[in-house]
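Below is one structure; the comments refer to it alone.
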Amino acid sequence: MSTLRDNWRVIFLVAAILLSTFALFSPTMGNQSPIGEDDSATNLQFGLQLDGGTRIRAPLVGVTAEDVEFEGDSERVVERQVAAQIAGADAADIIVRTGAESSTVEATIENVTADDLSAALDAAGYAHGEVRDGVTGTTRAETVRVLQSKINEAGLSGGTVQQVTTATGEHFILVEVPNRDQSDVVDLVGERGTVQIDIYYPTGTDNGSRTYETREAVLTQADFTSIGTAQESQTGSGAFVPVSVRDDPAAEFQTAIQDTGLAQPGGTRCTYMEDGGRNTTEGCLLLVVNGEVVNAFGMSGGLADTMRAGEWAGAPSFQLQTRNTSEAQEIAINLRAGALPARLDLSGEDSGTSSYISPSQGESFKFDSLITGIVAVLAVAGVVFIRYGKPQVALPMIVTGLSEVYILLGFAAAIGYPLDLSVIAGFIAVIGTGVDDLIIIADEVMGEGSVKSRKVFQSRFRRAFWVIGAAAATTIIAMSPLAVLSLGDLQGFAIFTILGVIVGVLVTRPAYGDILRLLLTEDR
């Protein structure tokens with residue numbers, strides 16, 4: 001028991017290595033790979049620099065008015081009033097935010113200018129302060145959340161979304177998706193992802209022709225409480241997404257179906273999508289995605305009966321019909337992730353860019369990174385052996401230093417952090433600073449002659465550890481701004497350099513001290 005108590009730091013190091021091994025290789029820790037992708041031998045995820053993929057860096061479309069006075073109107077009323085004054089806008093393109101200190105109105109429709117929003121607010125009767133290009137920080141944060149959710153729902157392993165800020169104060173959204181074509185990623189994140197249900201119904205005749213009206217947004221994304229997975233239809237072509245509706249909107253939807261006459265005995269047959277069908281069809285439910293009708297469908301007799309009887313709202317569920325499985329999958333993703341509050345400006349006019357790294361180039365970067373790491377380890381090993389010439393000092397130093405990197409790899413696998421070139425640079429920095437600290441320990445312990453007594457060893461080790469602790473604190477303080485600020489690749493470098501320093505001070509340096517004590521002292 002005394003041996004275990006005296007060497008608990010070494011045991012702690014071994015436990016950390018075992019946990020890292022579990023995180024790296026356990027099937028229970030790995031993310032589900034999309035169908036058709038090869039499974040990796042480890043649970044490590046790689047960024048697009050090492051796996052190939054697409055990077056998108058773009059600002060958000062929109063302008064913002066500060067210090068708006070709403071004159072007691074609700075947010076919904078303000079959105080409708082302002083949207084009515086901007087050509088081509090609807091309430092979904094206007095974001096109203098109220099705060100204790102300031103209230104803002106954002107217009108996120110394309111090609112809108114600060115002058116357009118200012119004129120719209122004036123016409124609607126709302127006093128306001130400065131009107132500027134760009135959106136609020138809250139909108140940027142919500143956009144990051146929705147985009148990350150979209151990427152996760154689409155099964156794009158290793159995809160990341162973050163805000164980045166330039167030195168001049170410009171704000172961008174940075175999207176990185178490894179191992180995916182540029183067109184696929186742009187299609188996923190380029191649209192706002194709005195999904196709504198409209199009712200298209202006949203209202204009478206005019207000169208022998210039917211007349212129609214559209215009741216828009218009878219159901220929107222916020223009205224759905226459960227979204228199933230996209231499924232192929234068993235009765236014919238097409239696909240569908242099973243959904244459930246919240247109680248309050250379900251009652252309103254049922255009333256709208258009754259009022260528009262869509263719930264006919266025996267159901268309705270919709271020919272909206274056929275040539276000339278818009279002028280002859282019976283009532284239809286329109287599935288509208290990003291402002292475009294992607295499908296139209298009638299109502300089955302059974303569903304129509306429950307609507308007419310007022311029973312459907314008690315168990316409000318139905319199927320969103322689509323023409324194919326890919327449409328159904330897109331709709332399911334948009335419903336789960338939510339709509340983007342503002343679109344990414346991918347036009348390139350405001351520095352919006354997208355780039356693609358081929359998988360073969362990513363594999364080349366992986367190989368080069370591996371070679372660089374091996375060269376760094378061999379260089380450190382050579383210097384250590386030349387300096388000491390004692391295997392009992394040098395070998396534990398190298399093994400302990402490498403275990404630090406292994407623990408960091410396990411941590412990256414556990415949290416699913418995608419490795420890129422900046423993180424690899426952080427690992428190499430950890431090897432250098434880690435072995436440097438171990439050399440300080442060895443020099444302090446052995447610099448005043450041989451050490452046989454455990455008491456003398458502990459005294460010298462404590463002096464060395466104070467130096468190491470001060471150096472670690474300095475590194476953490478220096479790197480913290482890079483880790484906190486959204487500075488792209490520098491953030492990954494800083495995070496793993498700081499983690500390496502922390503692991504070194506808490507785990508590997510104390511363990512190396514215990515190993516040296518066991519090998520050098522006689523009263524162990």
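Including glycine, each Cβ sits where the backbone N, Cα and C put it.
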Segment assigned the feature transmembrane segment in Swiss-Prot (from 284-304, 389-409):
389-409
Can you tell me which parts of the same chain pack against the transmembrane segment (366-386), counting only residues 6+ beyond its ends and a CB-CB cutoff under 8 A?
46, 50, 394, 397-398, 401-402, 421, 424, 427-428, 431-432, 435, 439
For the transmembrane segment (389-409), find every same-chain residue at least 6 residues outside the stretch whose CB is under 8 Å from a CB in it, and list them.
13, 16-17, 20, 24, 44, 377, 380-381, 427, 430-431, 434-435, 438-439, 442, 446, 496, 499-500, 503-504, 507-508, 511-512, 515-516, 519-520
Which of 420-442, 465-485, 487-507 shares the most C-beta pairs under 8 angstroms with the transmembrane segment (10-30)?
487-507
What residues in the same chain, six or more past the boundaries of the transmembrane segment (487-507), come closer than 8 Å to it by Cβ-Cβ distance?
9, 12-13, 16, 164-165, 174, 404-405, 407-408, 411-412, 417, 420-423, 425-427, 429-430, 433-434, 437, 468-469, 472, 475-476, 479-480
